[in-house]
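Undergrad: So that we are looking at the same thing, I have put the structure below in structure tokens.
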Amino acid sequence: MFRVGFLIISSSSSLSPLLLVSVVRVNTTNCHKCLLSGTYIFAVLLVCVVFHSGAQEKNYTIREEIPENVLIGNLLKDLNLSLIPNKSLTTTMQFKLVYKTGDVPLIRIEEDTGEIFTTGARIDREKLCAGIPRDEHCFYEVEVAILPDEIFRLVKIRFLIEDINDNAPLFPATVINISIPENSAINSKYTLPAAVDPDVGINGVQNYELIKSQNIFGLDVIETPEGDKMPQLIVQKELDREEKDTYVMKVKVEDGGFPQRSSTAILQVSVTDTNDNHPVFKETEIEVSIPENAPVGTSVTQLHATDADIGENAKIHFSFSNLVSNIARRLFHLNATTGLITIKEPLDREETPNHKLLVLASDGGLMPARAMVLVNVTDVNDNVPSIDIRYIVNPVNDTVVLSENIPLNTKIALITVTDKDADHNGRVTCFTDHEIPFRLRPVFSNQFLLENAAYLDYESTKEYAIKLLAADAGKPPLNQSAMLFIKVKDENDNAPVFTQSFVTVSIPENNSPGIQLMKVSATDADSGPNAEINYLLGPDAPPEFSLDRRTGMLTVVKKLDREKEDKYLFTILAKDNGVPPLTSNVTVFVSIIDQNDNSPVFTHNEYKFYVPENLPRHGTVGLITVTDPDYGDNSAVTLSILDENDDFTIDSQTGVIRPNISFDREKQESYTFYVKAEDGGRVSRSSSAKVTINVVDVNDNKPVFIVPPYNYSYELVLPSTNPGTVVFQVIAVDNDTGMNAEVRYSIVGGNTRDLFAIDQETGNITLMEKCDVTDLGLHRVLVKANDLGQPDSLFSVVIVNLFVNESVTNATLINELVRKSIEAPVTPNTEIADVSSPTSDYVKILVAAVAGTITVVVVIFITAVVRCRQAPHLKAAQKNMQNSEWATPNPENRQMIMMKKKKKKKKHSPKNLLLNVVTIEETKADDVDSDGNRVTLDLPIDLEEQTMGKYNWVTTPTTFKPDSPDLARHYKSASPQPAFQIQPETPLNLKHHIIQELPLDNTFVACDSISNCSSSSSDPYSVSDCGYPVTTFEVPVSVHTRPSQRRVTFHLPEGSQESSSDGGLGDHDAGSLTSTSHGLPLGYPQEEYFDRATPSNRTEGDGNSDPESTFIPGLKKEITVQPTVEEASDNCTQECLIYGHSDACWMPASLDHSSSSQAQASALCHSPPLSQASTQHHSPPVTQTIVLCHSPPVTQTIALCHSPPPIQVSALHHSPPLVQGTALHHSPPSAQASALCYSPPLAQAAAISHSSSLPQVIALHRSQAQSSVSLQQGWVQGANGLCSVDQGVQGSATSQFYTMSERLHPSDDSIKVIPLTTFAPRQQARPSRGDSPIMETHPL
């Protein structure tokens, strides 16, 4: 029987097709030991096989006794080798069977196709696998190598040999003798010897048959535990020895194969006397182990059997059964009497590892006893490893011949090492000597591939004797060695080598043909024809050279010219006679030595240069370029001008021509001369060229405008002009010629509304759209005239002033507007039109009329309510209070005033000027430095009384008459800020919240920078402001107009402190106060307002009362209106009008500076921005500049101007928590102005020092550093400079501040404002900036 084995088919990733077919070394004598050992090693070590070498396994099944040339398989298809990528192979794919020299392979393989066929050798399974157990499969193994080396692969092919029924079962002997006692009972069984069949499976013994038994005996077949079938003879009838003592018959045995095979034997049965008892073994199964190196005669085991009989029937005889193999009978001896088994011959585990011994014990009877002895032969390291070399490269006389240029990892031989020992005694390693270019790479268990690990070189080593060593792992280890010889075949693998890789040689030009230049030589390390060298010129070699093929001599065959070719670079080849031939090369550099055989050459025969006429002296005219094909000094060219021309010079090295003269095209248009070029050769050569220089015109004149000739002219454009009409034409001329004189026009600035367009060629300015109201006024158009000169165009610009209006009624105004527009910066897309054009005034009038109408309705309603609460006689008393007011003009304007003096005296009565003083007193309790000190500011204001009378009320649109009692009600507030509000920050005693009412016909007017005056309401208490440009200061103030000799004080004491001013009404008590509902003065919110009646049923504040005080909730300032000093005008002289008033004019003798607690100096301090005075400083919002402007007695309009910080519009600021104020700005139409408080940007403010004889005056100080004045409270200007208000003003000199408004001509409706200046008595005033003050004229 055979045991089932296993098969592993492995596919390597490299798919290197080489199949070594290793023929299994099987022989008939020791095949059993060999296969058992190989199977064990394969099973244990196969999983450790390294497959990276391209090893695979493939199984095929064949039947034994197969005839010759039967196709078994096709490796190319079965291994899918057709899927291998198409690589560039040195040779075609080959299949090579690898086997040991002397072996006869059972199969063959076609090298080209991979087809496997049987050979003529007989395939006998019973011979190949005689020693293996019957239950295992029988395999035959070979190795096939797939070549070439690029796709090398080693494939192990295992052929499973199937059994056929080629053997008949046979009995151990042809005659079988058996004895049966005569008293044997019926159905008694007696064992017969079994037949043996070499085939396995169904082809083995299957049936026994008894022939001619005469029905006395029968036959039965039983199966042993080992699977063997044993025949048994059955007694069917009683036997009688006296009747018949011998029976003869036949026994037939058959197998199950096809065709069925059988055999027979003669069975002879002898009937004997009775033997009642049978022998019995103590142990029926015994297993023992014995080493294979046990000596002969060694006891294996001792068998014991007993028999109950006595005498002869009790004697036992031991023997081997006929089922014991011949090998076992040969190796073991059984003592028939004692039953001792001993070793008859030396054991070999590698041949048979175990033995089954069936022992019979018989007492002479027919029923012997049976016992099975299993002998296991244990291994000892008694076998040295064996080395089996199977060549992949066919050897020649046991020597492998390898070419020296074989690639790396070329497979040379398959080395198989084996060891018949088991376990570690059979583990074998194989290795080679060191320092050889070969290595062993494992592929299968105990199989290695010998391959080259480095390139072979015949020139260094021609032969190799490789010693292979194999050693097992036993103790002590056993080893074996084998030799493998390799001879290296020379190949043409060495190219010829030149002694130098780069050769340089020089030769003069103009040489003689045939001159030998040099000789080249090379060597070759190969031998024979591979070392024979021929010399050749490379493909890049010029035809001027030739080379001797054998000697390598280089020759120049042509005349060389350095100017054509100054060097040659080519290769020379050395080629051997090998197959294929190898070549190498050397680079040859031939340098040609120059000779001076060429003259300098100009790039042009004649040079023409064009230079501009404005080229400066010694400028660059042009560059002369000259070449010389020679080299070195022979090509060093020097340039010079012939005929000693002094007008021009030339650089001898660079060739740059420069003029020594200034060009003038009108005098001479061209210059001609010759330039000489000479080289530096030993025998020099030279040449010359003509140079012509032409002088050309340049664009050096820009267009000049002749119309308009300057920027200050203007052109009138009627609003009715139709679009497309040419309104003006600009004309510019250019003194250049040609394209340099062609002029083109364009508008580059102004004209933001695209109202005008210009023709770029004619310069005609055309009106593009119909003019509407918004287009009226002055338009400033920036026109550019540029020529078409190259490379840079020149241009000029002019401002064209177009005045869109029906007519020019005031040329002076237009000229002034033009002048102002010229001073303004001009940028593209900037509107040039004047913002103060009459059109904008018309829009303002329209808007003001609508807003004023709404305001008047509200004001009338509030006024009616207020007047109903006042006594009727107050109106008459207020109208009678008129005072003459005198004024001293600004010294800087005295000449202008004196020029107009006579004219005004003829046409006008003397001016009635009203002088009022408004005093603001404030106690800052929260300032630790003030300590209750009070600051009082007194401001005298004068206004021409006849100004209103001269206003043209007929021609100017208005809604009121000059004698209107309330001029301010018709004005409209243009301030972008909310109404003026004052909120108290701290709670105050209600008994001090008293407001002194003034007469109902008082009006407060605000004056802006363009003489536009406005009033916030027609209430008795209205707020006026005066707005100025950013560069000027603004002085907003609240004013209560009053009759002459009247004083009104607004006072808000701290806590329970009473006012120091005499109200004239006795003490104030809360019980006598009545609340009112009308609007508060100065735009104060109506929070708590108290009205108190006098015993004469008159409201407080009438014209007959003494100076009184009015308390405003939340206001911590005391505003006092002082009586005017009319008697001061009696002391004035003509000198006062020119040089200013003296102390005699201002101060009566009765007035004492220290007589009153309120006679503290009050000053309006304009602190210079750079002032660093370290005195008490009050924040600007606290310091208030107040100017009170009185109108003529008709309307008694008072303008109040306040100057906050420069960037703010007019506002009244109180430092929190005293009073919080918001700004109120009025810009009424200019036509409605009845009073003017104007401060131009450069107006010169004068500082007034307090006089000791005048209780309260106003001191103003203007900053000399900036025209924009910032206000700082706490400083006044005295005779000795700046001094603190807390200290008072002690100087005696008096500076004065006045503002005068007057008319220059009766028909002129505009109002002139003469700025004031600072001057001392009897001193000429110094103008601030310029010789005369700047005068601003309102358009109306």
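Using N, Cα and C of the backbone, Cβ positions are placed for all residues, glycine too.
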Undergrad: Between ASN335, ASN479, ASN585, which does Swiss-Prot record as N-linked glycosylation site?
TA: ASN585
Undergrad: Annotation N-linked glycosylation site per Swiss-Prot: which of the candidates ASN86, ASN177, ASN735, ASN810 has it?
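TA: Of the listed residues, Swiss-Prot records N-linked glycosylation site for ASN86.
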Undergrad: If Swiss-Prot marks one of ASN27, ASN59, ASN510, ASN660 as N-linked glycosylation site, which residue does it mark?
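TA: Cross-referencing ASN27, ASN59, ASN510, ASN660 with Swiss-Prot, N-linked glycosylation site lands on ASN59.
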Undergrad: Among ASN376, ASN397, find the residue to which Swiss-Prot assigns the annotation N-linked glycosylation site.
TA: ASN376
Undergrad: Tell me which residue from ASN711, ASN805 Swiss-Prot records as N-linked glycosylation site.
TA: ASN805
Undergrad: Where Swiss-Prot marks N-linked glycosylation site, which residue is it, choosing among ASN80, ASN1012?
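TA: Per Swiss-Prot, the residue annotated as N-linked glycosylation site is ASN80.
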Undergrad: Using DSSP, break the domain 'Cadherin 1' (58-171) down into helix, strand and coil residues and give each count.
TA: 14 helix, 44 strand, 56 coil
